[in-house]
Amino acid sequence: MTASSPKDYSSRLDIYFILALILSVPSIPFLRYGFGDFEIPIAMPIIVVYSCIKIWLLMDAPKGLETEPGITMLMVVLFMWSTASVLWATAPEFAFRRLVSRGYQTYFVLLAINCCCFSPVAIMRLGRLLPLAILVPVAIGFYGFFTLPEPPHFQFSYEYPRVLGDRNSDTFMVLTAWPLALAMTCGASQTVIWRFSGLIAALLTGGAVFFSLSRANLLGAMAVALVLLTVDSVLKKTRPLMVFVVASVFLGSMLLGASVFEDHLDQTLGQWQQRFDKVDDNQRWAFNRGAWELVDRHPITGVGLNNFRVTFQTTQAGRQAEQDYNPHNSFLGTWSELGFPGLIVFTCIVLWPLSCYIRLFPHVLRSGDLILGQIYVGGLGLCLVLILSILAYNFAEDFYYWIAYVFVSLIALALKRGLRSPLMGSPLD
């Protein structure tokens, strides 16, 4: 019997690290620790333990590390620019508070992308656990929705109002499981049990999105599903008719399930009509107009990290608004706080995974590998969901966004390795 090398231990550690993050996902809507004014995500102890052990292992086998210098440089530059913005911020104390969270977000992303190494098979098996993990808070949300008298909409809580977050952050978290569940359902490399599990996960997450009354999430879910089914049919070289067959079966299952809860369905349909009839019934446009005013005043430097709320009241839109909040767009929020340089770097970071998937598409298509095709479909869909989440909401301020960002990046990197050589072995193979 041969002793395991440091590289073997390091590979197992990577798997346990991502697995622990996935298993911590169900608790995110309910558990979050605060120390003074600083919020500590529940994943922080996992990151600290992994970091210490990983550094110790890399001291014995540093040559096994594959780094990504491009995204590393972008993340470091954004953090340095965010740090510099404290100097000209209207309220430096608010900038410093956000800088602390920005610091551990940056550290987490760089640690995971540069230190974790997965084979396509390993990342596929880890990926199908994420939809199942999110089903735990989804089940809790449905329990409250169908047992409490006349709840306003689906959310992660036993009772209303919700214990943490809001409809947008809750539903975008659910939506990250949607493309991976669809990939499980359509994946020809999956067993019948896993494909059926993917269908159940897709139906439940799709129902949660529908009953959440979130316009952006509903439209995004339909758009992502259409893109994924089309890409899946191209990769499998199947007829486009199959896209409509799968979509029809899925919608039929959704309608059959909804008919069981007819009262809640009628209530939700009426609320949806009001949501689309009254698009201007909230403060969202005021927040965005205020952000544009701040961009016009400080186009290069911005008003400083986490200083939007402080300076929003000085704008014409802010003086007329009933409350202060952040703009429902991470790009606009970044521009108003960090100026044009910050916007450019942030945009490059956000689009880096998408650029990887665009470059990988012809190679995955030529390979004809079912496993690579399934991984590609799920990763591309998750990438599109993350971009949608920061276009329609400032989801980048939520630590779960960066967990999903790391996962979608690791999927792209695993695809690169799978295309360079035959599928690599791993402890999960």
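Any Cβ shown, glycine's included, is placed from N, Cα and C.
Summarising the annotation, TrEMBL assigns transmembrane segment to 15-35, 42-59, 71-91, 103-123, 129-148, 199-229, 241-261, 338-358, 370-393, 399-415. Sequence annotations record features per position, and here TrEMBL assigns domain 'O-antigen ligase-related' to 200-346.
Remark: the transmembrane segment (338-358) contacts the transmembrane segment (370-393), by the rule of 3 or more CB pairs under 8 A.
Within its own chain, the transmembrane segment (370-393) is flanked in space by residues 120-121, 123-124, 127, 168-169, 172, 175-176, 178-180, 182-184, 186-190, 216-217, 220, 223-224, 227-228, 231-232, 235-236, 328-331, 350-351, 353-354, 357, 360-361, 364, 401, 404-405, 407-408, 411-412, 414-415, 418-419, 423, which lie at least six positions past its ends and keep a Cβ under 8 Å from the stretch.
Most Cβ pairs under 8 A with the transmembrane segment (399-415) among the ranges 42-59, 103-123, 129-148 are made by 103-123.
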